[in-house]
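Trainee: According to TrEMBL, the feature domain 'TM2' maps to 9-56, 75-121. As annotated by TrEMBL, transmembrane segment applies to 13-31, 38-58, 78-96, 103-123.
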Amino acid sequence: MHEATHQNTHSKLIGYLLWIFGFTGAHRFYYGKPVTGTLWFFTLGLLGIGWLIDLFLIPGMDKEADLRFQSGELDYNIAWLLLTFLGVFGVHRMYMGKWISGLLYLLTFGFFLIGVLIDFWTLNEQVSVKNAERR
């Protein structure tokens with residue numbers, strides 16, 4: 001019965017795809033762990049050891065993210081793909097309905113990349129808040 005209320009906000013498949021680049025911390029940012037994501041980025045996945053261990057931790061990180069973040073109209077996977085590949089153009093912000101900041105990102109290369117870096121830390125919360133507002 002508990003499974004009926006389960007929110008699937010994040011995808012294990014995307015988590016594992018990002019894990020391939022795990023030495024950059026991409027999968028940890030995706031699952032809402034920006035502090036360890038940053039640590040992985042600067043230490044190359046704790047010199048590869050943490051990266052290998054994460055192969056087995058991803059199912060737990062996925063479950064934790066599903067419980068922590070609000071599901072709704074906005075899809076976390078789409079938002080993360082847009083941020084990862086088009087973040088400097090603000091497309092992820094436009095997707096969330098943040099048109100003004102999206103256009104500013106477009107004109108300023110993602111606020112000179114600083115805005116994009118901040119969004120890597122905060123995107124899950126931004127999507128969660130927008131989903132809660134739309135309920």
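Keep in mind that glycine also has a Cβ here, set from the backbone N, Cα and C atoms.
No curator has checked TrEMBL annotations; they are predicted automatically.
From a predicted model like this one, the values you see are computed outputs, not experimental measurements.
What does the local environment look like for each feature on the list?
Mentor: On the 0 to 100 pLDDT scale, the domain 'TM2' (75-121) averages 97 in the predicted structure.
Panel annotation: around the transmembrane segment (103-123), residues 29, 34, 37-38, 79-80, 83, 87-90, 92-94 of the same chain, lying at least six beyond its termini, place a Cβ under 8 Å from a Cβ of the stretch.
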